[in-house]
């Protein structure tokens, strides 16, 4: 009886973790789109900078003041040699995501972001000469096909937004690959990652944001009619962006790898549905089919990767079998690109 109750509590805990993760993620995406489209605050660098500042303050509060998470100590020289390059790519990734939201619908942007597993595998194969099992390559086919179908049938297609989202995938993949080498020896959780990277990202982005968008922001502050409510929404999106990082930490520790992968793909579907209900952007039937194919492909990719990760190290090798289990798999989880 006790075991049954523990099992039931584990299931409830996992569901609650997934729901709050979905809630924060979808809310941040929709709020950012609302800021760009409805509030006419068309400054993605400034929005990203506000998110970094709020996340840096939030991470400091959680670790240093509330002490809800222990601080992972990083040597001073490693902060510049390891953390700073990661923060630079991290900054580019977030900025490109916000730029894409500025120009294309949430549904299209989220579908393109699902291309990240393919870019991660291809980059590791091209740059690191990393071998992948044929099943990994096959699992990428529906992802690529779905993206192509969605792009061709997108009614609100914008080349700048499309390129920003696509290069955002490359930035996410680069961050994923760099994390394996630069952060070797450090076991960061999402909160400690933000604690170290958000201040660097703020420092990197502050000057470009002021130079490129400063005059536009000042003009918006002087001409916007509902200034105070709009500023509350903008800064609330930054606070929720930090809460998203905390929710990622919670969901990772409450679910299995397979559940996390499936929930991550369903999260995209939820974001697409909610954004469509709010912004009423037209989604043709073939476009929806392309999005669905992409999500199924991502789920299949995660399932294949999980199967390969369970392969016993002692399995007899053939000439076509990699030398080690790690040669089969992409580096770290691609779904952790939701941070900040």
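Glycine is no exception: its Cβ is also placed from the backbone N, Cα and C atoms.
Residues or ranges marked as domain 'Sugar phosphate transporter' in TrEMBL: 15-301.
Per TrEMBL, the feature transmembrane segment maps to 12-31 (among others).
For 43-63 (among others), the entry in TrEMBL reads transmembrane segment.
Tertiary neighbourhood of the transmembrane segment (83-104): same-chain residues 29, 32-33, 36, 42, 44-45, 47-48, 51-52, 74, 112-113, 154, 156-158, 160-162, 164-165, 167-168, 171-172, 174-175, 178-179, 182-183, 196-197, 200-201, 204-205, 337, 339-340, selected by CB-CB distance under 8 Å and a gap of 6+ residues from either end. Under the heading transmembrane segment, TrEMBL lists 83-104 (among others).
Under the heading transmembrane segment, TrEMBL lists 194-211 (among others).
Per TrEMBL, transmembrane segment is recorded for 231-251 (among others). For the transmembrane segment (231-251), the list of distant contacts is 17-18, 20-21, 23-25, 27-28, 31-32, 34-35, 39, 41, 47, 50-51, 53-55, 57-59, 62, 69, 189-191, 193-194, 260, 263, 336, 338-340: same-chain residues at least six beyond its ends, Cβ to Cβ under 8 Å.
According to TrEMBL, the transmembrane segment annotation covers 258-279 (among others). Beyond its flanks by at least six residues, the transmembrane segment (258-279) meets 14, 18, 21-22, 25-26, 29-30, 33-34, 37, 105-107, 110-111, 113-114, 251-252, 291, 295, 298-299, 302-303, 306, 333, 335 of its own chain at Cβ-Cβ distances under 8 Å.
Among the features that TrEMBL reports, transmembrane segment is placed at 285-304 (among others).
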Exercise for review: Please indicate, using numbers and ranges, the residues of the same chain that are 6 or more beyond the transmembrane segment (12-31) and have a C-beta under 8 Å from a C-beta there.
Suggested key: 101, 106, 110, 233, 236-237, 240-241, 243-244, 247-248, 250-251, 254-255, 259, 263, 266-267, 270-271, 274-275, 278, 338
